[in-house]
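Trainee: So TrEMBL says this about it:
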- 57: active site, nucleophile (ACT_SITE)
- 59: active site, proton donor (ACT_SITE)
- 57, 59, 279: Mg(2+) binding site (BINDING)
- 254: substrate binding site (BINDING)
- 1-10: compositional bias 'Low complexity' (COMPBIAS)
- 1-24: region 'Disordered' (REGION)
């Protein structure tokens with residue numbers, strides 16, 4: 001089957017995950033308990049000055065829906081003008097990298113190339129390109145964007161779009177044709193997810209056994225919407241396939257460090273000089289902390305300071321790992337530290 005990225009590379013950079021780098025008295029990445037301090041004034045100038053790369057989540061950090069967070073574009077513009085490398089890491093598998101660069105442009109952010117965007121669709125395609133034998137295909141429960149990223153890296157695929165059961169009885173469902181080239185099942189956000197697709201995914205996994213890979217783009221269980229409501233996320237779909245197959249998927253998105261490894265393989269990244277900026281503790285902040293990055297929480301998304309305080313006061317190491325180094329109310333709060 002060849003090597004399976006994310007297993008052999010799971011500890012890349014791990015030796016530095018507990019290090020602390022101090023410049024101007026400011027800790028860039030810590031091994032001790034994190035204090036989640038407000039990042040402002042001199043501390044903000046020191047932390048930003050010591051970094052050469054910033055990784056941004058997008059939804060809830062840079063924009064909400066189709067509207068940019070106030071001041072976010074200006075803040076990133078000043079960071080880019082200061083020579084900082086800006087990359088974008090998102091669990092959203094329903095947009096291609098090209099679509100993200102277009103949205104950044106449309107909302108007034110600094111120009112970005114597709115190589116600066118690391119979405120879970122691209123990272124999943126990258127994973128399968130490296131893990132599958134030449135000519136092997138993936139059965140996809142996902143969006144057209146996920147299919148497009150697979151096509152862009154040369155991974156054959158089938159499955160996106162609506163699917164119907166092949167007959168009225170379970171015996172019919174268990175005898176639907178299977179493509180002999182399929183050696184992986186890939187689960188992303190799929191508005192057409194159905195029992196028919198779940199049946200077909202299970203049949204591919206049963207036929208291939210351990211040699212048929214099961215890959216998920218992320219485990220986000222709910223996707224928050226404006227107005228306080230939410231819809232089921234990709235994690236619900238991944239869990240359905242895992243339950244049917246009685247096996248665990250390899251997840252390429254945050255908090256798995258495979259997404260960071262994708263960034264590090266594209267750019268010369270020093271974790272001790274890198275800041276992860278996000279709005280979710282269990283994805284953005286956990287990945288950043290696990291990879292030895294400085295972590296910055298913005299409160300324009302789904303997390304509140306009360307949640308952080310609860311984790312901070314816990315004796316549970318797993319909860320402590322969700323505490324960021326710093327927080328801001330909004331990315332716009334960085335503007336004073338960045339000058340004109």
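Placement of Cβ uses the backbone N, Cα and C atoms for every residue, glycine included.
What TrEMBL says about a protein is an automatic prediction, not a curated fact.
Can you tell me where each of these features sits in this structure?
Mentor: For residue 57 (active site, nucleophile), the same-chain residues lying six or more positions away in sequence with a CB closer than 8 A to its CB are 88, 89, 90, 254, 277, 278, 279, 280, 283, 284, 301.
The number of other Cβ atoms within 10 Å of the Cβ belonging to residue 279 (Mg(2+) binding site), over all protein chains shown, comes to 24.
Counted within 10 Å of its Cβ, the other Cβ atoms near residue 254 (substrate binding site) come to 31, all protein chains included.
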Trainee: Using Cβ-Cβ distances, find the residues under 8 Å from residue 59 (active site, proton donor) that belong to the same chain and are at least 6 apart in sequence, listing them in sequence order.
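Mentor: Correct list: 90, 92, 279, 301.
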Trainee: Within 8 Å of the Cβ centroid of the Mg(2+) site residues 57, 59, 279, which other residues of the same chain have their Cβ?
Mentor: 58, 60, 61, 62, 90, 278, 280, 284, 298, 301, 302
